[in-house]
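**Q** The structure's right below; bear with me while I get my questions together.
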Amino acid sequence: MMAAAQFRSAISSSEKVDFLKLQNGSDIRGVAVAGVVREPVNLTEPATEAIAAAFAEWLLEKKKPAESRRLRVSIGHDSRISAQKLQDAVSRGIASAGVEVIQYGLASTPAMFNSTLTEDENFLCPVDGSIMITASHLPYNRNGFKFFTNTGGLGKADIKDILEHAANIYEKFTDESLKKSEQAANAAVRKVDYMAVYTSDLVAAVRKAAGNIEKPLEGFHVIVDAGNGAGGFFAGKVLEPLGAITIGSQFLEPDGMFPNHIPNPEDKAAMKAITQAVLQNKADLGIIFDTDVDRSAAVDSTGHEINRNRLIALMSALVLEEHPGTTIVTDCVTSDGLTAFIEKKLGGKHHRFKRGYKNVIDEAVRLNSIGEESHLAIETSGHGALKENHWLDDGAYLMVKLLNKLASARASGSDSGSKVLTNLIEGLEEAAVAVELRLKIDQNHADLKGGSFRDYGEAVLKHLENTTSSDPKLQKAPINYEGVRVSGHGGWFLLRLSLHDPVLPLNIEAPSNEDAVKLGLAVLAAVKEFAALEISALDKFVHQ
């Protein structure tokens with residue numbers, strides 16, 4: 001346990017922490033490691049202790065336990081180099097509120113939510129709340145927190161409440177209170193290997209899908225790339241007990257400097273690494289995870305990447321086999337080809353919603369609540385959640401659904417390796433050209449006239465909407481929940497305002513470069529008069 005005395009001076013000498021700036025939607029993110037230019041540490045140990053104490057008090061208020069029962073909170077972390085010191089600070093904060101602390105060590109985000117549902121007193125489950133220490137695929141110097149109860153991840157409003165309360169707790173820290181929290185943590189911390197429970201549940205799910213065969217993947221060669229994040233367990237604890245060969249799996253060892261590639265299924269270098277491993281080892285399937293294993297993607301035996309729209313198409317095919325006609329909820333940057341595939345080929349309904357995995361999941365839950373059946377909520381980023389899995393975005397569970405298909409195909413005598421998966425997305429139309437450009441808003445520019453970047457961005461979008469509506473070659477999307485989405489020239493574009501940053505991301509998909517440029521020119525014509533908008537990337541694209 002880090003001694004409180006070691007950071008007392010940090011509290012007295014540090015500048016005020018702007019707690020609300022640590023909010024990133026429904027997560028908390030900050031800089032936890034010094035050394036990167038112009039990125040001062042703002043997720044300090046004292047700030048972390050205050051945030052954890054605020055979460056514990058929020059939980060006590062929500063649960064209102066009987067006096068005889070102490071609440072329990074589980075803590076896990078990914079492979080980041082700041083994980084241990086933040087885990088200790090979180091433990092102090094939780095213990096200071098009189099709540100029991102259960103440390104899991106290296107864990108995945110989905111496992112942390114699962115610990116609020118598991119009923120097994122041998123593993124001190126279920127816990128009342130859970131904290132995952134992670135910053136997903138962000139650089140090594142970042143870290144953050146995700147919070148769960150048995151109803152799922154906390155929302156934006158909850159995070160804001162916790163941060164406001166944390167600021168008050170932080171202001172009242174004294175040497176004495178810090179010493180007491182350290183003593184409380186020493187008495188309250190217990191350690192459990194919860195990942196053993198979580199992985200055995202995944203193994204059981206695949207065995208069940210194959211008709212209770214002990215080793216349904218025997219002979220299958222499946223490679224895992226964990227990117228030195230927390231997902232290395234999948235090879236030895238899930239695939240091998242199912243009989244799979246995992247030779248050639250790479251970067252399974254946790255290393256918070258991420259020396260090989262960013263653990264991110266959307267990253268080109270990461271996808272190239274797993275693709276090369278599959279081809280070199282002549283494997284049947286490749287699986288890749290992000291740092292905390294709530295996102296994933298795959299590669300088939302021919303090196304064909306199954307991520308983004310392809311992963312959504314594949315998961316949609318699997319879900320619609322089980323639930324014909326169901327609604328698939330996705331984020332807003334999915335392709336027109338995916339809509340046609342889901343609705344015309346698979347007979348489902350595509351509900352394209354906003355960016356943000358929590359937005360997509362919450363929308364699927366809402367649709368079910370008003371009588372529209374939905375069993376899958378999934379983002380192009382690789383966040384995918386199923387109704388059958390408590391609407392938890394679990395990268396490992398998504399891959400288990402793929403393995404279930406492989407295992408059941410073999411059990412029914414139609415074993416053709418990963419081709420059984422590739423065949424399911426046959427007919428998915430994909431654009432020849434797909435680009436994302438980021439148009440930044442200069443918040444210090446005089447053109448903002450003292451207003452917020454959000455107001456300025458909304459003005460850009462409104463002007464684009466008005467401009468494109470008068471062009472007969474362009475058609476505004478009839479149903480759209482975020483930004484301005486327009487079809488034309490055989491493709492489409494979407495300009496939207498980032499959820500958190502002064503940026504307008506622009507997505508363009510088209511059947512040819514020439515058509516993509518035409519769509520880019522339509523956007524450029526509308527936005528070029530906004531002087532605070534950095535349009536050089538768009539200008540370069542249309543004049544290539």
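Placed from the backbone N, Cα and C atoms, the Cβ positions cover glycine too.
Pasting the relevant annotations from TrEMBL:
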DOMAIN    25-169  domain 'Alpha-D-phosphohexomutase alpha/beta/alpha'
DOMAIN    202-303  domain 'Alpha-D-phosphohexomutase alpha/beta/alpha'
DOMAIN    309-412  domain 'Alpha-D-phosphohexomutase alpha/beta/alpha'
**Q** For the domain 'Alpha-D-phosphohexomutase alpha/beta/alpha' (25-169), would you mind checking the mean pLDDT of the predicted model?
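**A** A mean pLDDT of 96 is what the model gives the domain 'Alpha-D-phosphohexomutase alpha/beta/alpha' (25-169).
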**Q** Can you tell me how the residues of the domain 'Alpha-D-phosphohexomutase alpha/beta/alpha' (25-169) break down into helix, strand and coil by DSSP?
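**A** Helix, strand and coil residues of the domain 'Alpha-D-phosphohexomutase alpha/beta/alpha' (25-169) number 56 helix, 35 strand, 54 coil.
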**Q** Would you list the DSSP helix, strand and coil counts for the residues of the domain 'Alpha-D-phosphohexomutase alpha/beta/alpha' (309-412)?
**A** 57 helix, 19 strand, 28 coil
